[in-house]
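Straight from TrEMBL, the features:
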type	residues	note
DOMAIN	45-361	domain 'G-protein coupled receptors family 1 profile'
TRANSMEM	29-55	transmembrane segment
TRANSMEM	67-90	transmembrane segment
TRANSMEM	102-124	transmembrane segment
TRANSMEM	145-170	transmembrane segment
TRANSMEM	190-217	transmembrane segment
TRANSMEM	306-326	transmembrane segment
TRANSMEM	346-364	transmembrane segment
Amino acid sequence: MMNGSAENVTEATPETMGEGPALSLEVTVVLAVLISIAALLTIAGNVLVIVSFILVKELRISSNYFILNLAITDFVIGVFAMPVYAPYLLSGVWKLGETFCTIWLVIDYVDGSASVLSITLISLDRYLLVTKAIKHRAQRSLKKTVIMMVSVWIIAFLLYGPAILIWRTLSGVELPVGKCYVGFHDNFPFLFSTALVEFFLPFTSVAVMNFATYWSIRRRGKRLRRHGAMRTSNIRGERRGRLAGRMTRKTQLRTPVTKERKLSRTHTFPPAQQDIKIAKQFQLSEPPIQRVTDLSKNTRAREKKAARALAIIVTTFAICWAPYTITMLVRSLCRGCVSDTLFEWAFWMLWLNSMLNPFLYAMCHMQFREAFKKLLGPFLCRCWRCVTRDRRKRPSLTDINKLPSPVVKSPVGIQNDTNGAI
């Protein structure tokens, strides 16, 4: 995943290797604050997902294990990758030794790749749940889910782990003192092959599966609306038939006997009013049509919500990963074609994805949202009570004006400091 971007800070040319970055104190402080906020948000969001999964039994279903796996990978980025990299970025010097540098690179690269593969699995699972729900639910099991989760980590390690561990030994190129970056940072064939597995294929798969998921939801909604329209037509036709039957029976019951007709007119409505009365009786059964209409509106609303959520997932994935992948490949072919600052920003966009994932995948899940409310509810209520209690204790301007003015003694006599002698 994260190409040794720390080397980009000072390794634009061989002559600058070993020198620290020209960062002012103000820039260093701002960067330190931003990195701290990003790391804390990444840790907090993913810890919330993990704790919710552990404590809430209803969340422990097969589909949510993929979200748990994603939260674990992103948590490692927030708790390890970001804090370790921050001093290197700000000082330009790696002070933790070559062995720890290798450990950090392996964890960083493998963890980032596992995050992408977990996103792909989540999209695949949602696609199958929508398009082949019965078959997918019958075939999936906890054992298969765990196997897929473990496979994600194995593939991620095989993609980068061996290369990071043995590349320098095979190439014979020593890592400069005070630096920490991978040995294949300028090897285009290797970087392109890993980019295929890590970004291009996953992004294409995520985009296609999310589009197919939305299309299936929309097609199902159209069928539901069409069924609702037919049902509405049938209901109205049935009402017309019943109304016509009532009117026919009413006409047949009329007799030519004058006395009966007069008696009827003294106790019943005129014929026109009878028709209105019957029509009103049928209007009382209007709710079925209204329910069908409401169902159609709800279906359209769900389609729009699904389209918006899926579009955000695909767009966020592209925005966070495409800049780094493209700049990494361009730099491997032409080092001077991409500025160090641009590459650094592209690199940090990857970690921004880890910060956003809890909001994209867990907080869009109704059961996870309910779990978050249960976990955070007491804490938020306690904070709100503290704030409101402080406000109640704080005297207002009106209360201050009601206080008596201080009284002081003077040689002339007891005086009020605002109203003069008493």
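Heads up, residue numbers simply count up from 1 along the chain you see.
Even glycines carry a Cβ here, placed using N, Cα and C.
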Mean of pLDDT values spanning the domain 'G-protein coupled receptors family 1 profile' (45-361): 81
Chain residues outside the transmembrane segment (29-55) and at least six past its termini with a C-beta under 8 angstroms from it: 23, 64, 67-68, 71-72, 74-75, 77-79, 82-83, 86, 89-90, 348, 351-352, 354-355, 357-359, 362, 368, 371-372, 375-376
Tertiary contacts of the transmembrane segment (306-326), as residues 6+ beyond its ends and Cβ separation under 8 Å: 2-3, 116, 119, 123, 195, 198-200, 203, 206-207, 210-211, 213-214, 217-218, 345-347, 349-350, 352-353, 356, 360-361, 364
